[in-house]
Amino acid sequence: MYGKSSTRAVLLLGIQLTAIWPIAAVEIYTSRVLEAVNGTDARLKCTFSSFAPVGDALTVTWNFRPLDGGPEQFVFYYHIDPFQPMSGRFKDRVSWDGNPERYDASIFLWKLQFDDNGTYTCQVKNPPDVDGVIGEIRLSVVHTVRFSEIHFLALAIGSACALMIIIVIVVVLFQHYRKKRWAERAHKVVEIKSKEEERLNQEKKVSVYLEDTD
């Protein structure tokens, strides 16, 4: 009887640990795809979430897989302090731009070259959270950045706003011009009436004078 109870307790504990363990995995978030111009700098953004509080045990590892194949290359390592590569293509070309307290493990890559094309991996371990999917960013170094759908949308919105502003300005100017024309016409009408009244008065005076002389 005691043996069966112990077995059930162990099984129950195993089920509970299995249910808890996936929650404890570190989750990585990246832009997945990044396009940058040759010779410029790029921020490789990598953020994460962890079940455990961030502490001094946290480590961040960045590696690189070339587009044309070949062995994986070391890019950057962080553990309390940043550690830059002492040799290789990324020497003096990479810097830490993250903040573990804000769950940010990003880096900056300087002076991009065409042979930097490839996949950059971001791995974060925050014991006891050491499992999880490694984040990836596929970097494409190009001569010029192509317009994306967001750029076209921003351009369309900007053009529409500019058109609306122009229409409003035209309407305001037209209304102002129209009021000015009406004011000028009203002034001319008043002036004509005034002259006509003055002429009639003069004629009346002449008529009265002639009658008196007769």
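Each position is counted from 1, following the chain as shown.
Using N, Cα and C of the backbone, Cβ positions are placed for all residues, glycine too.
Per Swiss-Prot, the feature signal peptide maps to 1-25; the stated evidence is sequence analysis.
Residues or ranges marked as topological domain 'Extracellular' by Swiss-Prot: 26-151.
Summarising the annotation, Swiss-Prot assigns domain 'Ig-like V-type' to 26-140. In the predicted model, residues of the domain 'Ig-like V-type' (26-140) average a pLDDT of 95.
In three-state terms derived from DSSP, Asn38 (N-linked glycosylation site) belongs to neither a helical nor a strand segment and is classed as coil. Under the heading N-linked glycosylation site, Swiss-Prot lists Asn38 (among others).
The disulfide bond annotation in Swiss-Prot covers Cys46-Cys122, and the record cites sequence analysis as its basis. Around the Cβ of Cys46 (disulfide bond), a 10 Å sphere holds 27 further Cβ atoms from the protein chains shown.
Annotation for Asn117 (N-linked glycosylation site): same-chain Cβ neighbours under 8 Å, separated by at least 6 residues, are Pro66, Leu67, Leu139, Ser140, Val141. Taken from Swiss-Prot, the feature N-linked glycosylation site applies to Asn117 (among others).
Taken from Swiss-Prot, the feature transmembrane segment covers 152-172, and the record attributes it to sequence analysis.
Under DSSP, the residues of the topological domain 'Cytoplasmic' (173-214) split into helix, strand and coil as follows: 41 helix, 0 strand, 1 coil. Residues or ranges marked as topological domain 'Cytoplasmic' by Swiss-Prot on the basis of sequence analysis: 173-214.
Within the same chain, the residues at least 6 positions away from Cys122 (disulfide bond) whose Cβ sits under 8 Å from its Cβ are Ile28, Thr30, Leu44, Cys46, Val60, Thr61, Trp62, Ala105, Ile134, Gly135, Glu136, Ile137, listed in sequence order. Residue density at Asn38 (N-linked glycosylation site): 13 other Cβ atoms are found within 10 A of its Cβ, drawing on all protein chains shown. Counting residues of the topological domain 'Extracellular' (26-151) by DSSP class, helix then strand then coil, yields 9 helix, 60 strand, 57 coil.
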